[in-house]
Amino acid sequence: MDDKYKFIDFLGLRFNVANDLSALVAAILVFILVFSLSRKITMKPGKAQNVLEWMIDFTDSIVKSAFPDGSGSRFSLYAFVLFLFIFVSNQLGLIFQIKVDGFTYIKSPTTNPIVTMSLALVSLMLAHYYSVKKFGFGTYLSNYARPVSFLLPINLLEEFTNFLTLSLRLYGNIFAGEVLLALIGTVAKSFGLVSFVIAIPVEMIWQGFSVFIGAIQAYVFTTLSMVYISRKMEKE
Amino acid sequence: MASLLVLGAGKLALGDMLFILISFILLSLAVKHYAWGPVTKMMDARSEKISGDLDYADQERARADKLGKEREEALKNSRAEAIEIVNKAKDNGDSQKKAIVADAHSEAETVRTRAKQDAEKAKQDAMQDAQNDIANLSLEIASRVISKELNADDQKSLIDSYIKELTVNNETK
């Protein structure tokens, strides 16, 4: 899209204000959500605690399906936060977008590949870190030549494709959703009241679908992260 | 958008990566401290409590089974005891009854023998009285006979009859 972004250069690093502000808002929303749900922790759970435990059980089941031997419990928190953060990020731009003087300030942070690449990088770094920690550096390197040595280039290539598919899948889905939302918005403005009335139900339908896509993509991203981590932690 | 991804063409938005990373880590820590930690702890505690409760229920049931069996046993024993007590009471009653009847028999016997003796004694007394009466009577008769005037023959026959009478009387005694 033709969105313009404000950039801040600080210590030789470039910050995209829209990405950072949106990510911050998403993080704060996630925190407010779990904080408000966890105020009364009792043995017999209340409504809020039930919701929170249901979410925890959900992400735990993702982790368990990737680590059937139960060794993945240390990644449960990561999966939980990752899922909630991506989910809230995906929905953020559907609910509100803030533009001031043509510059975007708040949107879905996941509509930017840098953000999704950061998240994918976190997951893959965890995978490599725990692989080295478990096998030692030598075995970790030799794992690239398993099960047979001529697969080495394919295995190396796979690391990059994993990274790219993981990050760009999320980015593409959410970005496309928001592009279409913006397009429908443009249509609404094109012929005055008539197109406005027609565009509203279409926009609603697409928003509903985008909520669905956002949830699915959060689930997919979390699941694939766990699968990549678990695959790095086993010898083929 | 593509310019964001081109390395070397100006600056990559590395700051964003850093920002996302830091905010994500901070979010994880905050979530862990305020929500994840307490909730998972409580979930673990709950699952432990549930398994503990299940174990406890098993124990309690086993105990209740044992108690029930013991109670049944005790009931059976008490029934046998009751039967024994009743039997004993019956035996006691029987023996007492026999003793009472025997006592009554012996008492009746003594009463009867005493009555017999009494009757015998009364008869003897009566006989004694009768003898005395007869002696007095005969004395009177004798005195009356003596006071009457007798001739020799009459006297002789009278004395003979008298003596005869006496001997008969003595023989019957």
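Heads up, the Cβ atoms here are built off N, Cα and C, so glycines get one too.
Within its own chain, the transmembrane segment (A:21-38) has Cβ neighbours under 8 Å at 48-49, 51-52, 81, 84-85, 88-89, 92-93, 105-109, 115, counting only residues six or more beyond its boundaries. Marked as transmembrane segment by TrEMBL: A:21-38 (among others).
According to TrEMBL, the feature transmembrane segment maps to A:75-98 (among others). Note on the transmembrane segment (A:75-98): residues 22-23, 25-27, 29-30, 33-34, 55-56, 58-60, 62-63, 67, 104-111, 115, 119, 123, 126, 170, 174, 177-178, 181, 207, 210-211, 213-215, 217-219, 221-222, 225-226, 229 of its chain, located 6 or more positions outside it, place their CB under 8 angstroms from a CB of the stretch.
Long-range neighbours of the transmembrane segment (A:110-130) within the same chain, counting only residues 6 or more positions beyond its ends whose Cβ lies under 8 Å from a Cβ of the stretch, are 16, 18-19, 23, 75, 78, 82, 85-86, 89-90, 93, 140, 159, 162-163, 166-168, 170-171, 174-175, 178, 217, 221, 225, 228-229, 231-233. Per TrEMBL, transmembrane segment is recorded for A:110-130 (among others).
Per TrEMBL, transmembrane segment is recorded for A:179-200 (among others).
Long-range Cβ contacts of the transmembrane segment (A:206-229) within its own chain (Cβ-Cβ under 8 Å, at least 6 residues beyond either end) map to 59, 62-63, 65-67, 72, 75, 79, 82-83, 86-87, 90-91, 94, 110, 119-120, 123-124, 126-127, 130, 162, 166, 169-170, 173-174, 177-178, 180-181, 184. The feature transmembrane segment is assigned by TrEMBL to A:206-229 (among others).
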